[in-house]
Amino acid sequence: MGNSLASLATPCFADAAAGGGRGRGHHAAGDDAVAFDDDDAAGGCNSIGHILSFDGRDAPAFAIHGVLLPSNPSTMASTGGGGGGGASVLNDGALSIGSSSFDSSNSFSFRTLQPRQYSGPLEYCTTSPSTSGASSSRQLGPRTDKQILNDIYANRQRRRCQGSKGPPLLGRLRKAVASLLRAGPCGFPEQEEPAAMINGVGVVRNGEESISRNVDAAAADDGAERVQWARGKAGEDRVHVVVSEEHGWMFVGIYDGFNGPDATDYLADNLYAAVCRELNGVLSEDEPDPPEAAAAAGRCNGCGGAARHREVLDAMARALRRTEEGYFAEAEARAAECPELAMMGSCVLVVLMKGADVYAMNVGDSRAVLAHQAEPDLSHVVLPRGSHHDGDGDLAGVKEAIKRQFDECEMGELAALQLTMDHSTNVYKEVRRIRSEHLDDPGCITNGRVKGCLKVTRAFGAGYLKEPRWNKALLEVFQVDYVGSSPYISCRPYIRHHRLGAQDKFLILSSDGLYDYFTKEEVVAQVEAFTAGYPDEDPAKYLSHQILLRAANQAGMGFHELLEIQQGDRRQYHDDVSIIIISLEGKIWRSSQ
């Protein structure tokens, strides 16, 4: 991969009270030791972002880390009132985030990221248990590639040992051998549950009923103790997280806006409630199947479970469509005073988790990436044929070959599985679709952008690229040459279900700013390497540091030179970035080890 493990060098995560002011002058990033302070007092003059964390002691199924790193200015909503709050009148929710960087219930916390500068070599900070059981911090010098690799190897070795202590390995061996017995002479296992592609929607048929019928209760009162929530912003990005500790499900929405904040604010205020309403409608249409019917459906290649997952995914897509309809209705009512609402839009990434079931939905180029242990390649494990072979001996040899394949996978690097689909002009399929829908407009894609304006090919809002009337409502200087009446972009989402397994380690949700500097494989490798060396530290915070370092290096300036650039002007060097990392390892699967 293109990333260097040496870039894992990360500064000590010191407490704000530890002191340490900013040094004078400018220094190259490689010459400084740079750290982030976690200052509970938000709004420092040199604040560069915020950290989000979840302390759900009653919901130990996952750990959540997040970071919001703005580059665009905190723009007042176009329809904001005169009270100075900056909240859009399009947002009728009880909690508007237009005038605040964050808000949350008591199980979530936000801290301000403040840069610190040291002189001397870069140091690292971690914690290790002392003999008395208390935690003590230790300072380490700069780590070499060998030390980093040793940490990763030791972490993988621990995972391998944990997986070998109980029946899971035997079960995996039995399943693998059974698949080989069903295979043809060449040893290729049969495709048991093919993915279904229905109207461009990918549904993985490998799960069962997941969402509780009581999901609507979580939407009834965001302030109730059984529901914990957090909402924040980074420039034009918005993040919304809801965790139901009573029902054990979680909603994460990341909205990457453009041309103004109104569309993202509207999404943050309305999409979650719309999803809850649609799920309630789907799940209350009929009573749940009795156990014997559910078991029969499971024997039928999981058809019953796949049908229910499809219903949930369709409900999420309907919620997005109806939320956009509501946004356009409000925008039309205010078109005379705020015609620029027709230009505002947002990418949408939503992930809904219930137990081991993950439902992902997106339009635009935000991504959900799952880090998982690669499955072993059993295509070369061939069962012997013929009666002259020793059955027991041959079977033992097959089991040993399969075990070697599992061992190799468990000691290998984590793979990156993208649960979403990119909708941008970088994707040939999307460009071809738009051109085929606009054969009479050779300028539908200009300079790598839709009508020369947007890189994304699907988005929430942005009515001026969906209907001629919205385009005509704009001032002439902002209008595009709209040919015909067909939309240039759509809000048709990609939706997918995935059932988590013991091989899944963590989930990374982010706006596209993260992938300006990393591939998805590099992001997974960076988080794996960091958590191997610093298991108690915040990987999202570490990624934000790496983004800024790479942005500074790419611009040929020092780290602190970049941070001294005012928010807004910094957009020339990096995009707004919102990252949520959900740790799965050792949480959901604790009971099976």
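Numbering starts at 1 and runs along the chain as it is shown here.
Cβ coordinates come from backbone N, Cα and C, glycine included.
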Checklist outcome for this item: Per Swiss-Prot: Mn(2+) 2 is bound by D512, D575, and from D256, D262 the site also lists D256
Checklist entry - Hey, what's the Cβ neighbour count for G257 (Mn(2+) 1 binding site) at 10 Å? => result 29
Checklist entry - Given the recorded Mn(2+) 2 site (D256, D512, D575), which additional residues of the same chain have their Cβ within 8 Å of the Cβ centre, ordered by sequence? => result D237, C347, D365, S366, S511, G513, L514, D516, D576, V577
Item to check | Under 8 Å by Cβ from D512 (Mn(2+) 2 binding site), same chain, sequence gap 6 or more | outcome: D256, C347, G364, D365, S366, R367, D575
Checklist outcome for this item: Reduced DSSP state (H/G/I helix, E/B strand, rest coil) at D256 (Mn(2+) 1 binding site) is strand
Checklist outcome for this item: Should one count Cβ atoms within 10 Å of each candidate's Cβ, the binding-site residues D256, D575 would be headed by D256
